[in-house]
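If you check TrEMBL, you get these features:
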TRANSMEM  143-164  transmembrane segment
TRANSMEM  201-220  transmembrane segment
ACT_SITE  263  active site, 4-aspartylphosphate intermediate
BINDING   263, 264, 265, 376, 419, 442, 474, 554, 555, 556, 643, 649, 673, 674  ATP binding site
BINDING   263, 265, 670, 674  Mg(2+) binding site
REGION    291-316  region 'Disordered'
COMPBIAS  307-316  compositional bias 'Polar residues'
DOMAIN    696-932  domain 'P-type ATPase C-terminal'
TRANSMEM  732-754  transmembrane segment
TRANSMEM  760-780  transmembrane segment
TRANSMEM  809-831  transmembrane segment
TRANSMEM  843-859  transmembrane segment
TRANSMEM  866-888  transmembrane segment
TRANSMEM  908-928  transmembrane segment
């Protein structure tokens, strides 16, 4: 919707776009000034005639180009009614309110809709839903095809053999097969005989493809999902929310993840800034949790309550500060650092663009701070926490402060020089109550240090900043200087002329600002904690050790994303970083080429790539650039994509999936803007957070906190992957073992299609005799203790590389072939010698198969319980019980067979010998497999040890040669406080005798917002 006006006199409204880009801080939108003069209230819309021409519907959230053509008041018209003096104004993203955003701190707006329904940008960024299947499911489908082909080949062989044998030995077998009695077509036609025999073998081998596998897997996965839901270790007590497995068919896929794509705000961070520490003069104030452990609890708490009365004020948020030494110095009139402390706190209360909103609640008026970034909110609240209460801005933009002694003072705000990503600082020029003019500046240490005059506090402050950075805190340097009236008026004249410029306004303002932002005196530094979700850093560290590549996809700007990257250990000081933020295709190509050269020359062991959303847009639209980017990203351990739209997030995930179709990707987010990448990835994990339930509802697995991802992958994912892969191979194995015995019997029965299993017992093989032990294994078996799996990522590396594969499938088939062949040879030989019934042979073989497959699962189970042993014994007992019942049914083919079978000593010996042989071979193979696995794990440990040693060595070298990263606490964009900046400019121009007031009405400040 195009914004025409709002309840604000300047046509400004504030929106929250967390459903679009995940950002919870407010963004401003501003109507065009020419339109404001025409549409002042709702009634004016009746007579407003206009048309809008704009670009076609597209998915770009941060871009809009259009033009509004309208008839100005008192327009003249020709004879056809066409306006003779039609006017037009440009439209851009600053005048567009997107569907999906929420209006904040604004009572109403007037606007005209330009995109509706599926043409809106949020719908353009919504992908089509798709059905997800796990890699094991896909492999299983392939195995079914291979098995069916194998079945057809065997049936063809048996049919051909049977047909040739019947034709060859027809006369010699007449006396007992009585071929002459059959005078039908089958007996006399070779082709028909072949087709009938082939169809018979197909029916006999119908269990070759284990239909029970699909049923068993579905039951097992459902139960596994329930155990994930019931796991108390991933239950979020703060939200009273268990982990929810909403797509049980992806359980095993959790154990194969190689790429994680994560949102930042609300997923890695809480988007809550807390003021933690500060440097004033040459003294550092603020104790960390580590420092507090050395303090005496009761005495310190009492002193805290006595010295910090603001602690009892629940309205003050975003402050988590404690240091008795500061309160002592602050309340000591003789303290040498007191003047610096007052200057520091005054700086916090004045240098900002926070807007105050008054709200009535229960008959009381409460003041609410609205800031364009949570960083500024934390600093202003810190000033209030220490007694410097920012109360209001009056109509002339004077700042009213309440001081610790209860008095109020007025400070005239003369100019605001806003922050942007190039300047990395902001400044305000303030006239103090005593008439002095001060320039207050805050910004990144690397920028402010260059603008300081000689100051003895710089080395101490720098040292403190290094310590703060090592704790993951985001820092700012605070500086100030005093200027005289003449210097200010001369500078302000140039500044106002730059503001009125219609060409290259931003560059001119930046150049003029440089002139006054020098020769500062250092006041101190602040340290703000961008609160991470619990255990985020440790979780990411373990996931990286497990061989998983982390990609962070965020709507934040580059500086903010890098700061968070350091806080959550995605980035580190010993990692080389490469930034791609160009927007011209040729520049991007050159930048990628230069990064490749830098990478080859780098001595660092790990590398990180940071890429901007505009650059990504060009990359994805250019096949050559896309290929070059993918090759570069492969070399990186970490990739951070900034300023990306929801659709771009999905495109990045798809980019990796297309390049590595056999690798599993996982996306995790907490907002509606993350739904696209959640549905695109192989596995989608949604966090139920402050941004709503959209991500959780669209996900395959919903969790309460990011830290639960570690248990979900390393414990549940690994074990589900291992067990389900085993289930697939085992089900093919046991069915082939069962059916191949009929094939081997065909050798002695001329492949006539004669079966050796009793038809009623045959039906219960998959349903009763072999069903329960494998289901118990698939649900309850753990190779290692859960705690050990969660803490040691090397087990995850092994299972990802050694899961189900074509080679393992053929190994299962080989086991079924040699075991069935060996047992049939041992079983058929004594019966042939004794002249027993083939039903005896079949029943004995059936018993042997049931025992073999159950012993197999018994020896492969890692942790036995009474129940697992009972299920094993119950399976064999049920077969014996079924045989006894069938034996006494006169209609059964086994009637009277059991007695002869049980009285044969040779069969007992053969059975025991074979069971021992199979068990010993399985135990031996398991031992070899474990030995190989152990060697692999030891190899991984050695590699990690060498890497950690090299990492420590590199880190020590870097500490000597490279400065530790100190993230600066700014996350807003320029122009995010127009109510403050615009008013300051107007007042300044009004008071400036060098500027023609008439020219102000024709000046368009739109380009600056």
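Even glycines carry a Cβ here, placed using N, Cα and C.
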Nearest to residue 419 (ATP binding site) in three-dimensional space, by Cα, is which of the recorded positions 263, 670, 674? 263
Of the listed stretches (201-220, 732-754, 760-780, 908-928), which one yields the highest count of Cβ-Cβ distances below 8 Å with the transmembrane segment (809-831)? 732-754
Here the 10 Å Cβ neighbour count for residue 673 (ATP binding site) comes out at 32
Would you count the other C-beta atoms found within 10 angstroms of the C-beta of residue 670 (Mg(2+) binding site) for me? 32
Within-chain partners of the transmembrane segment (201-220) [C-beta distance under 8 Å, separation at least 6 from its ends]: 140, 144, 147-148, 150-152, 154-155, 158-159, 249, 723-724, 727-728, 731-732, 734-736, 738-739, 742-743, 751, 753, 755, 765-767, 771, 774-775, 778-779
Against which stretches of its own chain does the transmembrane segment (732-754) lie, if we need a Cβ under 8 Å and a gap of at least six residues from its ends? 143, 147, 154, 157-159, 161-162, 165-166, 169, 197, 200-201, 204-205, 207-210, 212-213, 765-766, 770, 809, 812-813, 815-817, 819-821, 823-825, 828, 832, 838, 841-842, 845, 849, 852-853, 856
Give residue numbers and ranges for long-range contacts of the transmembrane segment (908-928): same chain, 6 or more residues beyond its ends, CB-CB under 8 A. 819, 822-823, 826-827, 830, 844, 847-848, 851-852, 855-856, 859-860
Fewest other C-beta atoms within 10 angstroms of its own C-beta: which of the recorded positions 263, 674 fits that? 263
Cα distance, residue 555 (ATP binding site) to residue 670 (Mg(2+) binding site), nearest Å? 13
Count the Cβ atoms, other than its own, that fall within 10 Å of the Cβ of residue 643 (ATP binding site), considering every protein chain shown. 22
Which one is it: of the recorded positions 263, 265, 474, 555, 643, whose Cα lies the shortest distance from the Cα of residue 674 (Mg(2+) binding site)? 263
